[in-house]
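To start, the structure under review is shown below, and the notes come after it.
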Amino acid sequence: MDQQSFPSFMASTHFDSSINRNDTRLRIFSGTANPALAQEIACYMGLQLGKIKIKRFADGEIYVQLQESVRGCDVFLVQPTCPPANENLMELLIMIDACRRASAKNITAVIPYFGYARADRKTQGRESIAAKLVANLITEAGANRVLACDLHSGQSMGYFDIPVDHVYGQPVILDYLASKTICSDDLVVVSPDVGGVARARAFAKKLSDAPLAIVDKRRHGHNVAEVMNLIGDVKGKVAVMVDDMIDTAGTISKGAALLHQEGAREVYACSTHAVFSPPAIERLSSGLFQEVIITNTIPVLEKNYFPQLTVLSVANLLGETIWRVHDDCSVSSIFQ
C-alpha cells in the first residue's frame, strides 16, 4: 500500500521529510503469529522482511535463529500475542533473546494485539495480574521498547519499565466509516459497557460529535455477559458499537439485540482486535449487524469470514510509527 492510502484522518499530518527512509540499520522480522501483516508493514516501508528461522521441535519447544546480521541494528519484531497466546508469547520472548544475543542495538517488540491485557487488575481475591507479569517477561527478555495497538486499558503501559508507544487503530475505522453514505444526524455511537465509555466518547467526537449511548450490563463470570438496559436514545438511528476487541461476541451481540429492541434502524460493530473465540462467528453472522468492521491486528481464518465482515489494515499506521520511532520523531503527532 502506498502513502496515498493512509487514512484521511491522518492525511493532514505533515510527514517529516527529514526521516531517513533508506536506513540500512533498520531491520523488521516477523514471527509466525501474523506474517501477512508484517509483510504489509514492510511493503509500506519499502523494506524486505529480515530472514529468520522459526520452528517447533517434536516436544513443542520453539527454535529461533536469525539468518542475517543484526549487530548494531535497530530491530523491530512483529508478533501479536493472539491465540494461541502462550505459544505466540513464548515465540516473541525467544525472538527478543536471539536479537539481544546477536548484539542488536535496539529491540522493539511490535505487538499489534497484546494478549493478557485484560488481566490488568485484581477483580477478586487471590488473582494474578498477568498483564504485569507478561510486561516483566518482555522486558527481561531484552526488549528496549514496545509498540502496541489499542491496549485494553491505559494502565497496561505503566506495567512496562521500558518505553511504550501506544498506537490507536481508531483512525483506520473512522476513515472507513467516513467513506460510507451515512447521514451524520442519524448516527449514535454506542459503548457496549460502562468501561468503554471514554473510548466511545472519543470515537463519537471524531464522527461530527455524534450522540453517545451506553449499554449497561452485569457480568456474572468470564466470557458471560448479561445486558440490563440502555442509557441514551437510539430510536430510528444508525447505531455504531465501538469496542477494543471482540472475543466471544457475547457482550456486543446482546447489546445489538437490545439496540434493535429500542428501535435502532441499523447496528454496526467496530473493533480493532478480532479474537473471535467460539461462538463469536455464529453470533456476529446471525443478522443483528449491518456490518462488522475489524482490523488485521489478529489474522482472521478463512473459515471465519462471513458476508457482513469487513477487515481493514493497520499496516500503514504501524509502518509510519516504526519509521518515526526509528528516526526519533514524534509518534503522537500522527493522531493529532
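A Cβ is built for glycine as well, from the same backbone N, Cα and C atoms used for every other residue.
The secondary structure of Asp161 (Mg(2+) binding site), as reduced to three states from DSSP, is coil rather than helix or strand. What Swiss-Prot records for Asp150, His152, Asp161, Asp165 is Mg(2+) binding site, and it gives sequence analysis as the kind of evidence.
Outside the region 'Binding of phosphoribosylpyrophosphate' (236-251) by six or more residues, the chain places 113, 150-152, 177, 182, 186-193, 196, 199-200, 203, 207, 210, 213, 215, 217, 223-225, 259, 263-280, 283-284, 290, 292, 294 with a CB less than 8 A from a CB of the stretch. Marked as region 'Binding of phosphoribosylpyrophosphate' by Swiss-Prot on the basis of sequence analysis: 236-251.
The Cβ of His152 (Mg(2+) binding site) lies under 8 Å from the Cβ of Phe114, Ala117, Arg118, Asp120, Asp244, Met245, each on the same chain and at least six residues away in sequence.
Looking at Asp150, Asp161, the binding-site residues in this record, the fewest other C-beta atoms within 10 angstroms of the C-beta turn up around Asp161.
Its Cβ taken as reference, Asp165 (Mg(2+) binding site) is surrounded by 18 other Cβ atoms within 10 Å in the chains shown. Taken residue by residue with DSSP, Asp150 (Mg(2+) binding site) is part of neither helix nor strand, so it is coil.
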